[in-house]
């Protein structure tokens, strides 16, 4: 039986979809069978980030409503052959998803794939709750910034109350993934530190993804950064996070800003 | 800004951290309460806020459920000093 991982955050724009793509691709590259499911019905984007936007024929809603088979809707990645995408519907409204339908699709995926990543929509409404409903584990994507941390706390509360596992009295494994971390700003005390975030959320850390132009470029090109530029710092951070998700014990290194000789001599703060 | 200000300037991250800790402690407490109590809390707070400015911490609402009867306990503290009645402040 495969593991179901929800990638969620509450707040929008923190990097859920980018992280789903990057983590999923990193896991799939190790040979595991991975399915990425876009739950953002009406505002699908995972297809675009994965570079599969022109290959979408059927979607999650079609499968739930019985107008397409699951095997017809799954899109195989062109770069990694164990990586698949189940896109969200672009046209239907959110109510097109039913709990029974989602349960059936997730159940089928779980029996075939090693990992099922559910990319949650923003917010705490029905769509987000369905994305997390059948998860065994959760990756909470958080920016080191007050509104994102507050929303993450809210989502953690929902994970502990509204998931099937929680209702059955079992634990859902939760991990915080800090994205868009700016080492220079953290060093100047202008951004919540990793310790602050972890202490406030009291949830273990999966990884720290540095703010990077390369992540944006990867999105522009329609390729997860872990596939297009695996040697880049952000990609490496995602690959390490994926290893931790698979249970490997890897220490997390907080990125730091290297100061130049002149800066140190003058005690100058980086601009 | 003179040179000394650079060193004196208080960084904003500790402020963010403090604000979050206070806020989340409050939100978590509310979350675990039954819905009725949080609705009552909000409405009572709204009524008080029409006349006096008080912090959310000064209002405690709790409910004890018994077998035949439940008790609702409302504890409102109104500080004497700073928060002036709104009419006077305006």
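The backbone N, Cα and C atoms fix where each Cβ goes, and this holds for glycine too.
TrEMBL lists A:5-225 with the feature domain 'CobQ/CobB/MinD/ParA nucleotide binding'. According to TrEMBL, the ATP binding site annotation covers A:11, A:12, A:13, A:14, A:15, A:16, A:17, A:18.
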When a 10 Å sphere is centred on the Cβ of residue A:12 (ATP binding site), how many other Cβ atoms does it contain?
13
Show which residues of the chain containing residue A:18 (ATP binding site), separated from it by at least 6 in sequence, have their CB under 8 Å from its CB.
A:49, A:179, A:215, A:218, A:219, A:224, A:225
Averaging the per-residue pLDDT over the domain 'CobQ/CobB/MinD/ParA nucleotide binding' (A:5-225), what integer do you get?
95
Relative to the mean position of the Cβ atoms of A:11, A:12, A:13, A:14, A:15, A:16, A:17, A:18, the recorded ATP site, which additional same-chain residues have Cβ within 8 Å?
A:9, A:19, A:122, A:141, A:179
For residue A:15 (ATP binding site), the three-state class that DSSP assigns:
coil
A:11, A:16: which of these binding-site residues has the sparsest Cβ neighbourhood within 10 Å?
A:11
On a simple 10 Å Cβ count over all chains shown, which one of the binding-site residues A:13, A:15 is most densely packed?
A:15
